[in-house]
């Protein structure tokens, strides 16, 4: 009789036992594949939710920056009508335009301590409220003196908002996309400038008494949305850890990071940094900034220096006084002047979008090289055009081309990267107030340029003034080469380690296992 192999279950079916095992393995593999596919789908869904959530936070946090941009853009045209309505002098015009930048430094100075006390989120709300009040006063001002009162309030609000938005976004963004999200405030500044130019053109047909008031009043609208934003955005997880609210910080990190292990890693790094912050409370932050250690001094030179160079290369003169510049080139009709400034605003806004998508993949430093070199060339060519080719069709065309080129190169690098770097390079305990100090440098330089442009131009001509700007821009190329580090792809805590030990590797990465050294090395501060 033929012997049949035994079946695996001891029955008499006559099938080999191995066939039953194969079926079981097959089903197990199918179950494993199905589980892996389900996990992949869940991970993709979480990644999508995270990106959308962080983008919404960055969007709403940047709304205050629309106010600064709108003021810069709208004032360039509104001042033409204010001069006629309130009969202000050239010196009063310079004070009116430039004072906002000077006044905003007080808001930026107050913003550091305020955000450490009441939080990043509520500082943004305070900024919007103060600006709304100032804009309303300016819109109904019957005299230059009342107009300046509103200007003062608007400047304080703008100073608060400009300082806190990049800090908040940098602290809430995942490392891999921090540059992308932290460049949002600069995008919104450019959007505000464009809206200001469009507002000038749209309302220029009204009476002299009404037109500029409506132009300024429209600036209230963006800040209204801040109230809605407070219902959407969370508090900064790093601020929450500083205040001992670790569980709340973890909840925020769960929404802003794509993986649970990344959440715990980020939280551990933040807690280590915050632990030393608590140990340093006996030394006030401002004393540490005014009498810095070598490491902090290096950070301050980079942060404060890049903020100053952003403005002393003359970008606010280009934007505030673009009608004056184009009038010098040969355009005399006010409507055509305002229409030409819209082209400048469109260019500035479009090119900031390029920077937003390149800042993490290409890196901060390459964009700064392209920006500063391009600005230097455009400023020099604009100087040459206004000096030797003005008052003709060729001069007008080239002047408009080089003005647009200057703002384009600014927007692709110096504009957004400046704020990204300043929000990244400082340690947690110093970040808010050190960023405020950088914003102060930015606003002071902006104010000095805006308040002196007309007077300097009368003394050495508009072309001569832009030649000076081109020389300063050339110096900014050297500054970027010599002092600015590459921070792309590093967490905020890793950047701190990089400054402390000069640990930037050839591949651009910093060791991740040196968390304990963060505490040891910070004793040197």
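Just so it is clear, glycine is given a Cβ too, placed from its N, Cα and C backbone atoms.
All TrEMBL annotations are machine predictions without curation.
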Given ranges 460-484, 485-509, the stretch to which TrEMBL attaches the annotation transmembrane segment: 460-484
TrEMBL annotation of transmembrane segment - which of the ranges 291-315, 366-390 it falls on: 366-390
Per TrEMBL, the range holding transmembrane segment, considering 337-359, 429-451: 337-359
Whether the transmembrane segment (176-198) meets the transmembrane segment (53-83): three or more C-beta pairs under 8 angstroms: yes
Recorded stretch, among 53-83, 148-169, 366-390, maximising Cβ pairs under 8 Å relative to the transmembrane segment (210-233): 53-83
